[in-house]
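I have placed the structure first, in the form of structure tokens, so that the comments after it can refer back to it.
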Amino acid sequence: FGRGEDQVWTEELQCRGNESEITLCPISSSLKHSNCSHHNDVGLICSGHTEARLVNGSDSCSGRVELQYLSEWGTVCAVGWDMRAADVLCAQLDCGSAVALVEVDWFVEGSGHIWADVFDCQGNETHLSQCGISSWSRAACSHKHDAGVICNGSSIAFHEGRVRLSGGSECQGEVEIYLRQDWRKVLLDSWSLSEASVLCRQLGCGSVLNYRSSPSTTEHKHTCVTAFSCSGSEAHLGNCSNAQAVNCTSGEHLYITCSGKHQQ
């Protein structure tokens, strides 16, 4: 923050941390530091964010993340945002828990200030101010990286991320996922055992037996979904990151077989 000017206060403050004003803290004159100068000026960064909101969504429980610092609203850089922080934000807004982190094209780019804070939440906090916060390089952030969240209290969440299988049985078939208010085929290109395990779990169909290219040759003129990234422990594909809508004209569609609900 640079060096200050004028007098340097050298007495040591002995605050307990529960005082409402710093003037209420005891001062120890016996611990004066006579060798202090403006080279030793103290700087302080407070958590600071007083209000939060989700904007440009279908309701107050979905949208682009915006935080207020003092009187200024700003967007949040998605680089420092994860599902645990999103869970805390949804709880703070009385919107339940987070269903999905979404890209900026869901809710349009913001404008003005970008808060580049990295929130280190456990997920059980009730307010973002209770999370550890560090600062990320602002050079890595632009409004193209604005964070968006869908909470389960949103009307979008009722359908968003739902999965169904077609052309087979209850636990076997070509995969379709409801994303951005439409049913879409899933491309095989970036699929792995982790994503397949989450899908079978979400359907209540046990574990994955295999996944492969769909035998269907039906032409799809609409967009498909690709680039899911799951750890394998999630209960729902909506909790996985990086799903993208792409053109369906190329790429193989996903066909999966799960172990559960076998027909006798």
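Keep in mind that glycine also has a Cβ here, set from the backbone N, Cα and C atoms.
Mean pLDDT for the domain 'SRCR' (1-47) in this predicted model: 76. Positions annotated as domain 'SRCR' by TrEMBL: 1-47 (among others).
When secondary structure is read from DSSP and collapsed to three states, CYS25 (disulfide bond) falls in the coil class. A sphere of 10 angstroms centred on the C-beta of CYS25 (disulfide bond) encloses 13 other C-beta atoms. Residues or ranges marked as disulfide bond in TrEMBL: CYS15-CYS25 (among others).
Here TrEMBL flags 52-152 (among others) as domain 'SRCR'.
Taking Cβ-Cβ distances under 8 Å and a sequence separation of 6 or more, the neighbours of CYS141 (disulfide bond) in its chain are CYS77, VAL79, ILE114, ALA116. Taken from TrEMBL, the feature disulfide bond applies to CYS77-CYS141 (among others).
Annotated disulfide bond per TrEMBL: CYS90-CYS151 (among others), in sequence order. Mapped onto three states, the DSSP output places CYS151 (disulfide bond) in strand.
Annotated disulfide bond per TrEMBL: CYS121-CYS131 (among others), in sequence order. Under the three-state DSSP scheme, CYS131 (disulfide bond) falls in the coil class. Long-range Cβ neighbours of CYS131 (disulfide bond) (same chain, at least 6 residues apart, Cβ-Cβ under 8 Å): ALA85, VAL88, PHE119, ASP120, CYS121, GLN122, GLU125.
What TrEMBL records for 163-259 (among others) is domain 'SRCR'.
The Cβ of CYS240 (disulfide bond) lies under 8 Å from the Cβ of GLU195, VAL198, PHE228, SER229, CYS230, SER231, GLU234, each of which sits 6+ residues away along the same chain. Look at TrEMBL and you will find CYS230-CYS240 (among others) tagged as disulfide bond.
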C-alpha spacing of CYS25 (disulfide bond) relative to CYS151 (disulfide bond), in angstrom: 42
